Amino acid sequence: MKLTVKTLKGSHFEIRVLPSDTIMAVKKNIEDSQGKDNYPCGQQLLIHNGKVLKDETSLVENKVTEEGFLVVMLSKSKSGGSAGQASVQTSSVSQPVSATTSSTKPAAPSTTQSSPVPASPIPAQEQPAAQTDTYGQAASTLVSGSSLEQMVQQIMEMGGGSWDKETVTRALRAAYNNPERAVDYLYSGIPQTAEVAVPVPEAQIAGSGAAPVAPASGGPNSSPLDLFPQETVAAAGSGDLGTLEFLRNNDQFQQLRTMVHSNPQILQPMLQELGKQNPQLLRLIQENQAEFLQLVNEPYEGSDGEGDMFDQPEQEMPHAINVTPAEQEAIQRLEAMGFDRALVIEAFLACDRNEELAANYLLENSGDFED
């Protein structure tokens with residue numbers, strides 16, 4: 001019989017199976033048809049009516065029919081067939097677009113860089129994880145707004161009535177709006193650490209032997225990518241530290257607002273970078289999330305005259321990032337594929353400066369960029 005298999009990214013494919021096939025055999029079938037690199041058998045979790053299927057059971061035992069469907073997702077570590085539970089993914093994910101959670105995880109220092117490249121300040125997700133994990137973080141479906149509501153409904157349907165809307169929303173919040181991780185949490189429980197703020201020590205933000213490079217002229221900061229200098233919080237010291245009103249007149253914050261209005265997806269890497277450079281300000285934002293979202297969503301003055309900051313990145317964003325000559329060539333090759341330079345740099349940094357992963361990310365999300 002033909003069996004439909006859905007993914008958490010909204011796509012689906014069909015495989016041919018027998019009702020007597022075991023779940024392990026179905027996983028092997030998916031691996032063979034979709035590729036070992038995409039769906040390795042040992043990392044697959046198959047879900048039917050809100051239940052993770054055990055490897056030794058059969059399709060007929062789990063009442064899987066041709067009219068129904070399975071949901072496939074990947075666990076970071078190999079899933080135990082007899083356990084029947086999803087393993088909680090522990091890889092770090094950047095701050096959510098909705099900014100509704102308050103977890104910031106430490107990031108490893110970047111490698112030595114050299115020549116500057118003017119660009120929009122999209123930080124790298126500098127994680128001590130494998131490249132495949134890095135791409136998973138960069139390309140994972142981080143959703144917001146109407147897309148978030150749609151994802152909530154999809155996950156509720158996936159659970160077959162096992163989860164209510166409040167539970168799914170809480171799981172998504174704890175998972176930084178990453179649906180794959182949220183489903184993991186729904187099956188295995190939401191770790192308490194996922195809902196606790198973890199300030200990033202300043203000692204962890206220093207680069208390892210990186211040569212200092214001055215930012216492009218006109219930049220309001222002396223450090224590349226430093227959107228909110230420590231003085232930003234210090235300047236508010238005489239006022240009420242429980243409010244973010246002082247950000248209204250902050251040039252860096254106005255730049256962030258302009259960019260977020262034109263491309264909401266960049267907010268979460270911005271917040272991650274902020275956590276590395278200025279944990280005190282990030283903590284303040286976490287304590288006043290509603291006010292922060294209100295400030296970000298307010299219409300900015302002169303928007304008609306300023307235009308989209310992604311249209312003229314070199315003029316609008318006088319910051320600099322540090323790249324090696326080899327990385328500069330990689331960026332140019334990605335640009336040659338027809339993508340905007342600012343988007344190329346955003347993807348390149350988000351994929352931990354891996355050209356192949358950045359290319360895949362740009363291709364997979366090209367429709368979103370056009371919107």
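From the backbone N, Cα and C atoms, a Cβ is placed for every residue, glycine too.
Sequence annotations record features per position, and here Swiss-Prot assigns compositional bias 'Low complexity' to 79-117. Annotation source Swiss-Prot lists compositional bias 'Polar residues' at 128-142. Feature annotation from Swiss-Prot assigns domain 'Ubiquitin-like' to 1-79; the stated evidence is sequence analysis. The domain 'UBA 1' feature in Swiss-Prot is assigned to 146-189; the stated evidence is sequence analysis. Positions annotated as domain 'STI1' by Swiss-Prot: 242-285. Here Swiss-Prot flags 325-365 as domain 'UBA 2'. The feature region 'Disordered' is assigned by Swiss-Prot to 79-142.
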Residue distribution over DSSP helix, strand and coil in the domain 'STI1' (242-285): 38 helix, 0 strand, 6 coil
Secondary structure tally of the domain 'UBA 2' (325-365) (DSSP, helix then strand then coil): 32 helix, 0 strand, 9 coil
For the domain 'UBA 1' (146-189), residues assigned helix / strand / coil by DSSP: 33 helix, 0 strand, 11 coil
